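Okay, so here's the structure we're looking at.
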Amino acid sequence: MNFSEGSAESKRKVPSKPLLLAVCAACIGGTFQYGYNISVINAPTQPVQNFINQTWRERYQTGISEDVLTLLWSTIVSMFTLGGFVGAMIGGTLSVKLGRKGTLLTNNIFALLAALLMGLSHSAGLFELLIIGRLLTGINAGIGLCVQPLYLAEIAPTAIRGAMGMGTSVFITGGILTGQVMGLKELLGREEHWPILLSTTCIPAFLQLLILPWFPESPRYLLIDKGDDEGCKKALKQLHGMAACDGEREDIEKEKNNLAGFQAKKPWELFTDRSLRWQLLTVVVLNIAQQLNGLNAIYFYAGYVFKQSGIPDDKIPYATVGTGACECITALTCGMLIECLGRKVLITGGYTLMGICCILFTLTLTFQEASPVFPYLSMVCVFAFILSFGLGPGGVTNILTTELFTQNARPAAYMIAGSVNWLSFFSIGMIFPFIVLGLKQYCFLVFLVVCCLVGAYICLVVPETKNKTFLEIQNEFLSSNKRKVGSCDGAGSTLLSTSI
């Protein structure tokens, strides 16, 4: 009896083939697009600026000023962030109206339109199409970042929810790496190929449209949101097989009974729900920290460090590909470790190691000219920082956003988390050049403070969520809230009487 129970338990910890394929189908047109469109824009910087200059000259018979050229290029790049914010704002609502799978499929319209506009921009002589195209890729990425983690969490069994949720991080880093590789001169990095390079965003969209329809909608969405009992059973059987589907259905039933009579929450309702205040604060803190932890600064200094280490200018793009590969490998490693070590250990350890790297990188940059060995130590710090980010904050943040909320609050939580993330992304892009200009290498001391504060917050506030159902996690927060209120009141009064 014990042997068979152990065997069933071990099977539950190994994803089925349909589940793995469903994860890949969701991610290829979801967060892969986010990573790909972040990195692919770097390679054609000079060719696109040449195109803008040429178009301007043909229209107005005069050369474009340096300031206007910089403004137009900055607009093309930053439109992605603005689109991401818009996508995050509508993603949660769409996931409730169209379903998780339906939203992911519909989202490909934005990617296909963007690819068409950016691909035609050169032949049409309209750089404005690049601006619109980047806005649409941003909307696509914003919706994908909001809805795809929802889908992954809701189709995965509790025992491997973290590992399956790491698909988000793995495909983001995979997208970044693919964008870097596609931008090499040997592929599409030559000046004449930039319209093709930017229009390749249609390939992941086509792949998702071909593959994802073969897989079911989220079983949780079908049963809890739509009341489709038969659809839920069919989806669970396809994703988990006959043996494991009963246990998963039981968990979904429990959550459904707990949420009976409650509609999906709107984002503003989360701010007024005192039972969710710590979960909401945690998600906001983690998403701000994900952009303000210094990773952007590391990439900013990477080129300088590689050059100081003796790498020729024409070989630096290949070294940059190495950083993308490093991030991708660590995301895969985190996926293998997350169910063993847990979320809290990985994310706290990641921020701690990043803090140490900030100190060491500041020292190695300060003494860069003191000895030939310091540029190489700086290069080690670059890769160590990326490894630390990938092993913790890079992968676990999205998973925690999923796990800290139940079905009726989760889409709204993702809308808030996504909005905060994209606003932080935009803010760091705006203020980062000034931070570097003012503090130079000492800017990493600012990021050191961020890493230390976030690490301490996670230690004190965030519970371990490994192998716990969504209801168990919610109840743990409710118990913690009651203890805190009791200690503040001195009366042990019960603050919360909720539906959860």
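Positions of Cβ are set from backbone N, Cα and C atoms, glycine also.
What TrEMBL annotates here:
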type: DOMAIN; residues: 23-466; note: domain 'Major facilitator superfamily (MFS) profile'
type: TRANSMEM; residues: 19-36; note: transmembrane segment
type: TRANSMEM; residues: 71-92; note: transmembrane segment
type: TRANSMEM; residues: 104-125; note: transmembrane segment
type: TRANSMEM; residues: 131-151; note: transmembrane segment
type: TRANSMEM; residues: 163-182; note: transmembrane segment
type: TRANSMEM; residues: 194-215; note: transmembrane segment
type: TRANSMEM; residues: 280-304; note: transmembrane segment
type: TRANSMEM; residues: 316-338; note: transmembrane segment
type: TRANSMEM; residues: 345-367; note: transmembrane segment
type: TRANSMEM; residues: 373-400; note: transmembrane segment
type: TRANSMEM; residues: 412-436; note: transmembrane segment
type: TRANSMEM; residues: 442-462; note: transmembrane segment
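Ranking 194-215, 280-304, 373-400, 442-462 by CB pairs under 8 A with the transmembrane segment (316-338) puts 373-400 at the top. For the transmembrane segment (104-125), same-chain residues at least 6 beyond its ends with a Cβ under 8 Å from one of its own Cβ atoms are 26, 29-30, 33, 51, 55, 58, 87, 94, 98, 132-134, 136-137, 139-140, 143-144, 147-148, 151, 194-196, 198-202, 204-206, 208-209, 212-213.
Here the transmembrane segment (373-400) touches the transmembrane segment (163-182). Their Cβ atoms form 3 or more pairs under 8 Å, with each pair 6 or more residues apart.
Within the chain carrying the transmembrane segment (280-304), a Cβ under 8 angstroms from the stretch's Cβ atoms is held by residues 270-271, 316, 319-320, 323, 347, 351, 354, 358, 361, 365, 378, 382, 385-386, 389, 393-394, 397, 400-401, 404, 413, 416-418, 420-421, 424-425, 427-429, 432, 435-436, 441, 443-444, 447-448, 450-451, 454, 457-458, 461-462, all 6 or more beyond its ends. Segment contact is absent for the transmembrane segment (412-436) and the transmembrane segment (163-182), given fewer than three CB pairs below 8 angstroms at sequence separation of 6 or more.
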